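Student: Mind having a look at this structure? Questions to follow.
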Amino acid sequence: MEILCEDNISLSSIPNSLMQLGDDSRLYPNDFNSRDANTSEASNWTIDAENRTNLSCEGYLPPTCLSILHLQEKNWSALLTTVVIILTIAGNILVIMAVSLEKKLQNATNYFLMSLAIADMLLGFLVMPVSMLTILYGYRWPLPSKLCAVWIYLDVLFSTASIMHLCAISLDRYVAIQNPIHHSRFNSRTKAFLKIIAVWTISVGISMPIPVFGLQDDSKVFKEGSCLLADDNFVLIGSFVAFFIPLTIMVITYFLTIKSLQKEATLCVSDLSTRAKLSSFSFLPQSSLSSEKLFQRSIHREPGSYAGRRTMQSISNEQKACKVLGIVFFLFVVMWCPFFITNIMAVICKESCNENVIGALLNVFVWIGYLSSAVNPLVYTLFNKTYRSAFSRYIQCQYKENRKPLQLILVNTIPTLAYKSSQLQVGQKKNSQEDAEPTANDCSMVTLGNQHSEEMCTDNIETVNEKVSCV
């Protein structure tokens, strides 16, 4: 088989080609041994009149051809990783701005998401660019050796903080479902920030042994010139403590939350059906009551009879929030599981597994895990209207939501409410006249009914007037 590789290279680039030749000879010694033995037979170098070099390669790929191919691969890798870095930084900055500026998003869960966005943003600022640099240098560490342990520490810290935040969110949602009154009473902004501080403290404690021991002994963070965790104990313990244990807690609490929400929804539906049957019962003949009074009686609620019960609206909101969080959990697990599973396999089957294959898989899977930091803002944009509208305004440099002036609200609202109030008063007068002559059999019952309905109508009128005055 003959492979032909032709390229035009200026004479000024020959020294650079020779330097690349030396690098490639270190990486591919077998190819260069065969080249040295058959140099005169395999290649032909000619210089034309325009001082340009034409390279013709037959039967093998010479150093310059190999360097060009590797350079193209590195260019594509650099382009893809640059896109991931930009998406990670920009998207998470938008999330931080949205939670900070939008009052609708200022609750415990979104505070956790903002802290998660800070961890992902720092991962994009401090970890991903260095990882891209190592790719361009053939996975060799190009920076001072002391920075290797610091870089691994930051990588483990922010990755651990991400899953710890998701685990804390899952636990917090489960507690909110189980004890809604207690959770709403004691879950203030200060409590939420204390929980976030606890999450970061745990993440720092898990990742701190890396710089402590790595700065003392380079062999724990260097392997054949590459910056990576070379200590098997670090790999095993770190993988279980920083990923698999929080993952188990997160999955269990999430499914318990879904089960509790389904139970709450079933109870709420049964309560509504029971209330509908009881409220539809009346001591008065339907002929003696107007349709408006029947409607008022059917929706009349006894105060405090269902205190502490969750409404269908709150359950629906919880289900929507769990749906979005479930997607975030699922994507995080799917994107990080391959890396940690391969990491465990590299330690367990060190002798039977091919180290080159394991290393190549880890290099790919770690960037798939990094990609999860860029995906979260996209999930919020797709499934949350408040985030979506906030992001669109921030991209247009509009940091405050445009609201209608109070005068327009008064002009549009007061006439409608005043009209409804007048109609209600007219209807009350007509109904009182119609019910003024009851039959003898229903006299006592109708009198009580009229008193009750008049009180209800009066309350409704007062409520409407209060709304008008408040607006």
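Heads up, residue numbers simply count up from 1 along the chain you see.
Note that Cβ sites are derived from N, Cα and C of the backbone, with glycine treated the same way.
Keep in mind it's a predicted model, so treat the numbers as computed, not measured.
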Student: Quick check on the record annotations: which of N8, N384 is tagged N-linked glycosylation site by Swiss-Prot?
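Tutor: Record says N8.
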Student: With reference to Swiss-Prot, is W141 found on the same side of the membrane as R393?
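Tutor: In Swiss-Prot, W141 is across the membrane from R393.
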Student: Looking only at C148, C322, C337, which is named in Swiss-Prot as the disulfide mate of C227?
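Tutor: Disulfide pairing in Swiss-Prot: C227 with C148.
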Student: For the feature N-linked glycosylation site in Swiss-Prot, which residue out of N44, N75 does the record point to?
Tutor: N44
Student: On a C-alpha basis, identify the one among D155, N343, C349, C353 that is nearest to C148 (disulfide bond); the candidates are the recorded positions.
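Tutor: That would be D155, the closest of D155, N343, C349, C353 to C148 (disulfide bond).
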Student: Out of D155, C227, N343, which of these recorded positions is nearest C349 (disulfide bond) by C-alpha distance?
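Tutor: Closest candidate to C349 (disulfide bond), judged by Cα separation, is N343.
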Student: Let me spell it out: take the transmembrane segment (357-382), skip the flanking residues so only those 6+ beyond its ends count, and list any with a Cβ under 8 Å from a Cβ in it.
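Tutor: Hits for the transmembrane segment (357-382): 81, 84, 87-88, 91-92, 94-95, 113, 116-117, 120, 123-124, 127-128, 131, 135, 139, 159, 162, 324, 327-328, 331-332, 335-336, 338-339, 342-343, 345-346, 388, 391.
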Student: Test of understanding: give the count of other CB atoms lying within 10 angstroms of the CB of C349 (disulfide bond).
Tutor: 11
Student: I want to check the contact list for C227 (disulfide bond): same chain, sequence separation of six or more, C-beta distance under 8 angstroms. What comes out?
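Tutor: In sequence order, the residues whose Cβ lies under 8 Å from that of C227 (disulfide bond) (at least 6 apart) are T134, W141, C148, W151, I152, V221.
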Student: Among the recorded stretches 112-137, 147-171, 233-258, 323-348, which has the greatest number of Cβ pairs closer than 8 Å to the transmembrane segment (192-215)?
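Tutor: Against the transmembrane segment (192-215), the leading stretch is 147-171.
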Student: Just to be sure I understand the packing, how many Cβ atoms besides its own are within 10 Å of the Cβ of N343 (serotonin binding site)?
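Tutor: The answer is 21.
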